[in-house]
Structure formats: structure tokens, C-alpha cells
């Protein structure tokens, strides 16, 4: 059964010690006076050695004897050179003295703050009812457990610069300086946007009853830009919003509204996404939004011949594609991609990474070639392309967008001004487990928390396959829940992946055990995500947990931690995500160790 963790402390592997609470101070070595390389070549200063040493400021004035070689060199100097050298040494000594005094002042101030601790600060912490334990990096909630003494881990006071808000830090970056920050709760109605009757009908059919914050902020802005007179170049758009916040409709609605009255079919909008499953998902959404119009939405696919693909593209208005296939078609049929008015980059943090720079330059160079030589109004006019960039982690690496030739962008940060953003309705839970018992603890978690459906993330394809098989064996021999389980990774065939995904979405599979391949590629409704292995990157954590708590729904993200190293890494992740709630900590007990050992033996026989 579940029992409450006494205190989750990432630096100590989350372990709590039942001893009277007291502060433990980290000993720090005194650093030497800061000097540059030239200072070391001229004068050296003795370091204070303890309570009996001279005052630091006085000691800094005392130069060490200069070597004989230097004295012999001084004999060859002119009077002016000697005087100049002496003055430089005096200046160095003065600067070192000032630095020493400043360090001493800070140390005395810090010691004074420590001495001001009251007896109440040193009292044991007790957990009862719904008390919350405040940590430097977050809050852990425990419910209904016995009173336990706690051990606080002393942490140095953060630098004053660390207290500056993330919003203030972002505003120091030129491209984000004038960003508009929008609260996640700031929702509205689509009636406010002056949309066409056909679009309103489609939104009603899709069940879009309210406009989420990203839609309320961005859709009116985009619609207003379409009223600008050509040939003025329209401002580009940068949006930082969490996964599942409604980004597809945010750019889809204005694009379709702009293109719905077009006369001649041409590729006027291109949407680029990192994975094929995500391409198909977005294609479906845009098709539903464009119903009742003559617009054609096409997804580029590898299973179509080049000749057949060209025939489809000749009548397309909106193309949705992964970068690899898009580059092939642009190079093969450059004239078809010469009229682009909208370039949408979704999941931009991944698409604009180092491996993807080429696709952006291919598309932009093709657009520039199409405009080259158009010098007068009698020649065919080619519109400037407006770039719309969406990402859950845009503010983490804004330099990535430099390759996109961004023009006077409108910038919107939705829901959080932090570098990473996770859904507000997400509940995060951590539990410490031993590596040897992780498969057993996973099954116990599912049973004890009554989790009947979810996604389990692992670090590798091999781990995904082994965990899925262990779950099947333990379910058959121990838990008898009749789970339907599928493993999905880069090692599985595309046919198997598509079939497993469809079965999971249709409810025919209960648990999907997978690698990060799925964290960005599929949009499905799931209430529980389990990080069997903690991700190696902060942004991967964002995309994993973003599979749940989508579009305002509640969801849970469980993370297994093995050892203090992973616990420390989890805390570092927490420093960068837009966390709005405390992290829950829980512990799992099991009485099925014998059955678990038998299940391991069966797995080894199969392997």
C-alpha cells in the first residue's frame, strides 16, 4: 500500500531521517583574493590562515619578497619605468585590499543572518493532516500520516540575481523584450473574433465552446495582420505555449479565414511538424476547420510516388509535412512552392535544432528565387511569406529562431513566463524506487492508484520491450487485471506503431510503453503519464508530461527516481518548468517479491 514519504529532498535521494531537526551548514573554503594573470606576475599576497591570522585587509597590503631575477631586471629600468612599475604595484595592492574588505563585509553579514535564527526555526517539523513542507525549490504535500521529525538540508542563500523574475530575465533578450504575457486562465469566446458563419459552424461541430488563452490572444492579432496592404511585409509571430493548449486551431483558423475566398488553387500555406503522426493529426484538424470551403489540405507522405504527389500538390492550398519530405518536394517541384503566404513551424524547439537548419534555408531560398527579378507592377506579384512559430519551449533557446529571418515579430508567452511550460492542471508525483524493483513498483503503482490506462515512458527501445513483457507476465501471475499492453519505439515497424496507436486511442490497449518517440508525435486523451525512466533533457520532460492535462483537462504525471543523482536532476528540471502546483511525494510497498522473482526468471528464459 502507499505510505507517505517523510520528506522529498532531491539532494539526499528523497530520504528522511527520524532525528531532531537541525541545520547542517556546508563548510566552504575561503577563496583567495581575485587577481588577473598580470597581478600574479607582479605581486603575491598571503592568505589568512584562521582566527589568529592578521586582518584580511591589512594582510593584503603585505607584499611577498620579489625574486632576485626581478631585482636584477629593475636595475636595467629607467627612473620613469621604475616609478611606473611601482605605481602599478601600488594600484594592484589597493584593488586587492578593496576586494578583501568586501569579502569580509559579506561574510560578517552572512554570519549575522545565521545568528538571528530563532528557536522556532530549529524546532522539529511535524506532518499531520494536510500540512505542507516548504522547500527551497518547491513544496511537497503529505496527507494523513503520523507525526515525524524531519531533517532540513541547509542551502546557501541564492544570489540576489537569482531572485529576479523569469519575466524580467526574458525581457533582456532582444527578440523577447516586448513579449505579451498572457495568463492561462484568460479564456474567451470565438464570437469575439468576427469569424465567418462557415467557420463558426465548424467550430460548433468540433465542440469548440470556448477560446483558450493562446487562441484569445493570438487569433485577433493574426486576423488583423491580414488586413495590411501589400506589398508591406507582415510581422512574423512567435508563440510560447504549453503542449495541448490549442495551438493548431490558433494558426489554423486565421489561415483558413484568409484563404477561403481564393480563386486559383496554389500552395499558400505550409505547416511543418517533426513527426509523421503529428502531421496526420494536424491535417485532420485543418480539414475539419475548412469544411464548407473549397480549400484543399494535403499531408505529404512517403508512400506516394513523386508523380502522384505532384498531382496532389498542384491543387493543394495548405500543405502539412515533416521537414525531410518537404525538402524533397521543394527541390523536385520548386515552382509549386513559390506562392507561400504562411509558413507555420510547430514544435519549433525541435524543428529548429541543429539537425533541421537545412530545411528552413531550402524553403526560404526557394521563396527568394521566386521574388528575384520582380521589379515592376506589370510582372506577377509574389507575396512575402509570414512565418508563424509555435513551441512549448520557445523561451528556453530563443537563439534557435535566428535562422528563420524573423521580421518584427509579435511575441506571446502563454500561461507562464518560465523557460519551459507545463499544463496548470497537471499534478506531478515522484516516488523513490530501487532500480532492481522498478518493474514491480510500476505494477504496484498501477494497482494501488487504480490506474487503468496510461503511457509509460522509458529511456530506450530495449527497456520499453522488456518492461511491457514484464507487465504482461506479472499481470498474468500476480495481479490478474487483464491489462492490454503494447510497446512502441523506434525499433518497432511503422505498421506496428500505427496499429498500436490506433488501438490505444480506440481503447483496445490499456498501456502504451514507449520511448520519447511518442512524447511529441501523438495527440490523444490520457489521464496518466508514468516516467519509468526520468528523461535526460528538460524539454523532453515537458513534452512527456504534456501528453496529459491537455486543453484544461486534469492529469497526473508520475516519475520514478532511483538514487540521489536522479532526484537532483528532477529538482533541476523543476527550476525551469512553469510549475504552478506543489509536487506530491509517495512511497510504494509490495508483498509480491517472490512472485516478482519468478516473473524475472520467466523473462530471462524468454530472452
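Here the Cβ of each residue, glycine as well, is placed from N, Cα and C on the backbone.
Among the residue ranges 159-187, 188-216, 217-245, 246-274, the one that Swiss-Prot annotates as motif 'Q motif' is 188-216.
The motif 'DEAD box' annotation in Swiss-Prot falls on one of the ranges 342-345, 346-349, 350-353, 354-357, namely 346-349. Within the same chain, residues 182, 223, 239, 241, 245-247, 249-250, 253, 256-257, 260, 288-293, 412, 414-415, 551-552 sit at least 6 positions outside the motif 'Q motif' (188-216) and bring their C-beta atoms closer than 8 Å to a C-beta of that stretch. The Cβ neighbour count for residue 244 (ATP binding site), using a 10 Å radius over every protein chain in view, is 23.
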